[in-house]
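Participant: This structure is in structure tokens; I'll ask about it shortly.
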Amino acid sequence: MCWNSLSIVVYSVVFYALLDFQPSRVLATLSIKGNYDHYTDQYNVGEYRSKLVLNCNDDEAHGVKYTSKWFKDGNQITTDSEDPHHYDVSENTLVVNRFVESDVGEYKCEIRDSNNNVKAEKTVKIFLKPYMKLPKTATFIEGEKMELECVVYGVPTPEISWKFENKTLLPTEQIKFLPNKKNISNAILVLDPIKMEDRGNFFCIGKSNVSYPVTSGASYVRIKDKMAALWPFLGICAEVILLCLVIFIYEKKRNKAEFEESDTDQGPET
């Protein structure tokens, strides 16, 4: 009798314990991958004014349908955002159509089940690959000061260096490096004075610890002879002087002919 009662109590405890049991939620393993080759688990990079595509992959979905949401710096991204043409959100894919400096930040992918419960989330930092731009060509006069400014974009701010053809440029009495209006060091190259042998290809090179290889902009610099502007002027002066000389000689001969003709008409009377 006592053992039977004890068995009933034990079975009852087990039964009610099973009723109250709720398995803990197991988060899936997510990965966010971009369309460039700089992917790591902690960060990715976008290229300036290019399309950035982020895919949120659930490695344990096994055919189960989930919905995903995207966030940037804690704010949800939708196609109805402030600029509807800037983002495209489709299932587990986020597209930034024109990636610029303001798009740098922390992106989060959040996956929810059919009951709108968060199944998993993944965060990745997106940086901006260095973008360098120089004018394709530039022309300077020998003996004057040359300034070349490299247009620089990148987060974090890239380290700037300069090359002339295959030679790395270093500060000298002639060569100097200045910051630009954004206070980016070495963004402006100064050669004072510029010489004829400085004609050639100049390269502005940007290096970042989040993006490899380095990127660069190129400009071909032409040098004009400092007397080059004087030669056309001297040529024009010579043409004017020659023209005046021709007119003077012509008028002198014409006047002489008229004078001789006048003397002939006034010959002695008989």
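Here the Cβ of each residue, glycine as well, is placed from N, Cα and C on the backbone.
The following feature annotations were taken from TrEMBL:
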SIGNAL    1-28  signal peptide
DOMAIN    23-125  domain 'Ig-like'
DOMAIN    130-215  domain 'Ig-like'
TRANSMEM  229-250  transmembrane segment
Participant: Counting only residues 6+ away from its ends, which parts of the chain sit with a Cβ under 8 Å from the transmembrane segment (229-250)?
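Facilitator: Same-chain residues near the transmembrane segment (229-250) but 6 or more away: 141.
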Participant: Could you put numbers on the helix, strand and coil content of the domain 'Ig-like' (130-215), residue by residue per DSSP?
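Facilitator: The counts are 3 helix, 48 strand, 35 coil.
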Participant: Compute the average pLDDT of the predicted model within the domain 'Ig-like' (23-125).
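Facilitator: Per the prediction, mean pLDDT sits at 79 for the domain 'Ig-like' (23-125).
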